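Take a look at the structure below.
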Amino acid sequence: MIQASKHRRSTRSSKMVSWSWKTRTQQILQKKLVREFLAEFMSTYVMMVFGLGSVAHMVLSKKHGSYLAVNLAFGFGVAMGVHVAGNISGAHMNAAVTFANCALGRLPWRKFPVYVLGQFLGSFLAAATIYTLFYTAILHFSGGQLMVTGPVATAGIFATYLPDYMTLWRGFLNEVWLTGMLQLCLFAITDKENNPALPGTQALVIGILVVTIGMSLGMNTGYAINPSRDLPPRIFTFIAGWGKQVFSDGENWWWVPVVAPLLGAYLGGIIYVVFIGSTIPREPPKLEDSVAYEDNRITVSSKMEPHTSMASRLTPVSMNPDNRPSVRLAPTLQESMAQEQF
């Protein structure tokens, strides 16, 4: 009996501990900043798995991969990422986009490290996933050696590298320009005061934007246009065995896909805000007028009602206690207007 009682108490205690742990976990996951971190993590992971997988096909098998396929995979990977996190964090999936939004006052700076950490971890895990899935194919293609340059180089599966015909500073300007185009178009796609993408189509339109940049301007540098896309997989290749050359190759190219996109996104955002966003005429709010007759005088009291038309608010003429006609406004859905005595 004593042992049975102890066993019941122990079971009850373990259930209470388990319930308490689940409650605390749920409370943590319900915090807005935690949900935004997880959204950036998952959306970046989805984008990078599709994107890096397509590059692996192109590098390891000319039969199964192509440059067109890489552009389409990254574009639709971005679209899927927007669906994963669009209404939670905005699905930036790009440290440069997050930086531009913070610098231009559209996102609090306190969220910058949270977003970027989620993006970096998602990208790093995606690189590890592709390495695991294609490990035997990589070794078969390269003869068992993990090379950064040469005919059997495989480091380019994970990060961008400067081609021989490009100089470091030309590559820098290329990345600045491409990321500026990306950010400018992103602001246009999401600007409700201009001509935004139709509701429900934003993810597809943003994906098409990425495909367009890659197919038209991506040859020179591999269009990293995203520190979160390039640096974490590069760090992974260093850890996995490709060595220090992943940082030293191309005149120490590694820092350019980190710094240049930040500058480019900021400049692209400023150009849109200054030359496009600030010049869009804003529709003036409509007036909600209350009209009544008093001793042959008309009194008008105005209230700002931006979304309700005057005609939809008028009720038929009625008689007030002094047998004078008056026109009253019907109450809105959110408030009930008090009858005014005139």
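Placement of Cβ uses the backbone N, Cα and C atoms for every residue, glycine included.
The following features are taken from TrEMBL:
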- 309-323: compositional bias 'Polar residues' (COMPBIAS)
- 304-331: region 'Disordered' (REGION)
- 37-60: transmembrane segment (TRANSMEM)
- 66-85: transmembrane segment (TRANSMEM)
- 114-138: transmembrane segment (TRANSMEM)
- 171-189: transmembrane segment (TRANSMEM)
- 201-219: transmembrane segment (TRANSMEM)
- 253-276: transmembrane segment (TRANSMEM)
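Remote same-chain residues near the transmembrane segment (253-276) are listed as 94-97, 99-101, 103-104, 159-162, 168, 171-173, 175-184, 187-188, 191, 194, 221, 224-227, 229-231, 234, 246-247 (criterion: CB distance under 8 Å, separation of at least six residues from the stretch ends).
By number of Cβ pairs under 8 Å, the transmembrane segment (114-138) is matched best by 37-60 from the list 37-60, 66-85, 171-189, 201-219.
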